[in-house]
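Annotation comment: TrEMBL describes HIS255 as active site, proton acceptor. Per TrEMBL, the feature glyoxylate binding site maps to TYR25, ARG165, HIS255. According to TrEMBL, the FMN binding site annotation covers 78-80, SER107, GLN128, TYR130, THR156, LYS231, SER253, ARG258, 286-290, 309-310. Summarising the annotation, TrEMBL assigns domain 'FMN hydroxy acid dehydrogenase' to 1-360.
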Amino acid sequence: MDQITNVMGYQAIAKEKLPKMVYDYYASGAEDQWTLQENRNAFSKILFRPRILIDVSKIDITTTFLGFNISMPIMIAPTAMQKMAHPEGEYATARAAAAADTIMTLSSWATSSVEEVASTGPGIRFFQLYVLKDRNVVAQLVRRAERAGFKAIALTVDTPRLGRREADIKNRFTLPPHLTLKNFEGLDLGKIDKTDDFGLTSYVSSQTDQSLNWNDVEWLQTITHLPILVKGVLTAEDARLSVQAGAAGIIVSNHGARQLDYVPATIMALEEVVKAAQGRVPVFLDGGVRRGTDVFKALALGASGVFIGRPVLFALAAHGEAGVRKVLQMLRDEFELTMALSGCRSLKDITRDHILTPWDAPRVVPKL
């Protein structure tokens, strides 16, 4: 593990270790994968304007989110089926997040249940939710998450249908037979085709609700006391509607570039969403974060924090819980260094003036 000096180092190890079908499922994006590349490339178009001769001997990167104190503005995004990466799957991720004193978001499509993840010990955890056609199943899922001590619902809103992921089509992706989508076990699912080998997986993916709309965001608030984060917002219009619908927060996300190709990188969509939210709810960025510098850039554009997905999966595949712990530590260290070199002692010191973006107007330099 000592040879790995940054988060990207885990991807090559994961590619070597994992079956092609599994690696491609985690790594690939939709169609031409333009947005997949752009999620990363866009960060390189944003430059720093560091301030000098500021006392940075003490740096505080702690923050508060929905009233929970966390050690850094870097959290774990929901990613499906983590036991394909490592036998301990979501258990390992939950322990690593708790050790780093940050938030883990558990996918609806996890290979460990909310109860199993809760059993790993204390920690602040959110539950990612897909709204399915059968609202009774949705209500059961939400109740399970509440009972297991989860603190918020991250409602994915960009998936009325699954995007076209051509690697999965070529590989004929299926969940390995020894694994199952644990959050759906023990629920009243009505009728499932028992002759289908992949009964539960087929059922869940076929149940995505294409009629999902803003009324459902309001309905969700009638069945749970948990705060709801709307995940999958890319425009000012939808940011405003999220606030109107009672969202407690917004996650700027393009689903890891797995849904609609040729949408902007999330870092490019972020500022528009932040401006539209007008400080009424926190806005978070999900997608493409691989460096502490990326975290700083997101915060300079108005994000309250970031979520990381693929780096966790690749580190999990490479070295299990220790890998995930190291990813979180490396990003933390890089972010803290970026703050020091930019002249920022706390998160509130990070401002829009600390960066230059391709869309900035030319700066007028004041005369001395």
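Here the Cβ of each residue, glycine as well, is placed from N, Cα and C on the backbone.
Please treat TrEMBL annotations as automatic predictions, because they have not gone through curation.
Structural mapping of features recorded in TrEMBL.
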| residue | record | contacts (Cβ under 8 Å, 6+ apart) |
| --- | --- | --- |
| TYR25 | glyoxylate binding site | MET81, MET84, ARG165, ALA167, ASP168, ASN171, PHE173 |
| PRO78 | FMN binding site | THR105, LEU106, SER107, SER108, PHE126, GLN128, ALA154, THR156, GLY309 |
| HIS255 | active site, proton acceptor | THR156, ASP158, THR159, GLY163, GLY232 |
| ARG258 | FMN binding site | SER28, GLY29, ALA30, GLY163, ARG165 |
| GLY288 | FMN binding site | ASN39, ARG40, ALA42, PHE43, ALA265, THR266, ILE267, ASP294 |
In the same chain, outside TYR25, ARG165, HIS255, whose C-beta lies within 8 angstroms of the Cβ mean position for the glyoxylate site?
SER28, GLY29, ALA30, LEU162, GLY163, ASP168, GLY256, ARG258
Span of TYR25, ARG165, HIS255 around glyoxylate - largest C-alpha separation, Å:
13
Average model confidence [pLDDT] within the domain 'FMN hydroxy acid dehydrogenase' (1-360):
94
With every protein chain in view, what's the tally of Cβ atoms within 10 Å of the Cβ of THR156 (FMN binding site), excluding that atom itself?
22
Number of other Cβ atoms within 10 Å of the Cβ of SER107 (FMN binding site) across all protein chains:
23
